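Novice: Take this structure, written in structure tokens, and hold onto it; I'll ask about it next.
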Amino acid sequence: MVDLLLGLQWGDEGKGKIVDVLTKEYDIIARFQGGPNAGHTLEFDGIKHVLHTIPSGIFHKNAINVVGNGVVIDPVIFKKELDNLEKFNIDIETKLFISRKAHLILPTHRLLDAASEASKGKAKIGSTLKGIGPTYMDKTGRNGMRVGDLEFDDWKTKYRALADKHEAMIDFYNVEIQYNLDELEAEFCEGVETLKKLTFIDSEEYIFKAQAEGKKILAEGAQGSLLDIDFGTYPFVTSSNTTAAGACTGLGVAPNNIKNVLGIFKAYTTRVGSGPFPTELFDEDGATMAKVGNEFGATTGRPRRCGWLDLVALKYAVQINGVTELMMMKADVLSGFDTIKVCTAYQYKGEEIQHLPYSIEEEYVTPVYTEMKGWSEDLTKLSKAEDLPATLNDYIAFLEEQLNVPIKIVSVGPDRLQTIHR
Ligand code: GDP
Ligand code: IMO
Ligand code: MG
């Protein structure tokens, strides 16, 4: 049986925290797409951990963590992640398995990402510059290098051919990019040596077998539905399917074996990088959300743009993913707002609509808000649903009614324990 856990907005909803909270109920935690553009934060015992490629179940003894075929891996970043875990005495060789079919991010993929962004000027995507786009381009263009290639002696020949091609492509962009390829390659080879110490598996076989044995699997998404390559705010998206279907292709799970789809959203909205964001705030309210919510990217440290909850977009994400349970994060951040606004429709080309149109750029879309009374109580010490303030319960009830899906978890702080089950 496989459950999916997905971000429903523009990423950073709190997936890492919730995967960590839920891991005790699962045998396997498996990442299915994205790469080190992700930054998944978890906090417990006063320590904050940020994971980029490694699934967020890694701190639990009961679970096996799998990096699936749909993920792209940068051996350099991967090595750093492993180095950070060293002091926690995790038996990495038996707890973390890597799919042979996962693609590798080469140093030149990162350079190509930078060259592409530089050439776009103001129209840049705001990529994390981790090489994600170029690596998925090589995957779908059938030129990529995969983890399984590292088990063959000729991997360096393959590497050279691909890196040489990339160098010619970087020249084509004709932009100023400083780099020392020898240094980058030395670092890459060191990362590869570390990666090769891990257990490589045919992950789809592993997942088939686990399902046949009745194991419980949680597929961990990265990014969010509005960054999906097909259904997101294209071209301001990432290069993988972040939505439910991505778990089928990124792990080899058949659609009819998926049971619960857990959708995570913040009680407001954030976005990092470029692209449209109808409910974005440029006033005191937005600044308060950013400050109280400590809204800085876990991977790049960039400030996150903040705004009110967008129910039009959230409904779309619930539909695309077939969400069966919702989790509302960062409710504590909204404490102290007299009024809370929720976007329930868009004004679009002179009419009010309740679906996501082809473009949600500012020039076409104006949000229509419903106002609700806020709450002033500090939520961060609460642990029981009965103790939630009445106006927060009204907010939750309104969202459940609009989305027609129950909100099963309300998160009131970054720590594992600041989690209220309903
Ligand atoms: P992810 O990419 O979806 O895993 O989310 P990130 O880790 O990038 O961003 C979520 C941020 O919010 C992290 O800094 C978390 O520690 C923090 N966080 C998660 N849940 C809560 C919450 O309920 N309240 C507050 N205040 N912070 C939270
Ligand atoms: P997690 O898993 C938030 C954004 C980037 C940029 C766009 C494309 O932590 O939620 P890319 O590097 O993929 O080419 O960038 O997508 N982005 C994220 N935003 N959370 C993430 O991951 C993101 N991964 C990519 O900021 O706008
Ligand atoms: Mg993140």
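Keep in mind that glycine also has a Cβ here, set from the backbone N, Cα and C atoms.
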Novice: Select one of THR108, THR238, THR243, THR324: the residue that TrEMBL places in the IMP site alongside ASP12, GLU13, GLY14, LYS15, ASN37, ALA38, GLY39, HIS40, THR128, ARG142, GLN223, ARG302.
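Specialist: Among the candidates, TrEMBL records only THR238 at this IMP site.
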Novice: What's the CA-CA gap between THR299 (substrate binding site) and ALA331 (GTP binding site) in angstrom, rounded?
Specialist: 23
Novice: Looking at the binding-site residues GLY11, GLY14, GLY39, which sits with the largest number of other Cβ atoms within 10 Å of its Cβ?
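Specialist: Output for this query is GLY11.
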Novice: What whole-number Å value do you get for the CA-CA distance of ASP12 (IMP binding site) and ALA298 (substrate binding site)?
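Specialist: A Cα-Cα distance of 8 Å.
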Novice: When the Cβ positions of the recorded positions GLY11, LYS139, THR300, GLY301, VAL412 are compared with the atoms of ligand 2, which fall under 6 Å?
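Specialist: GLY11, in sequence order.
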Novice: Among the recorded positions ASP12, GLY39, LYS139, PRO303, ALA331, name every one whose Cβ is found under 6 angstroms from ligand 3, counting any of its atoms.
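Specialist: Result: ASP12, GLY39.
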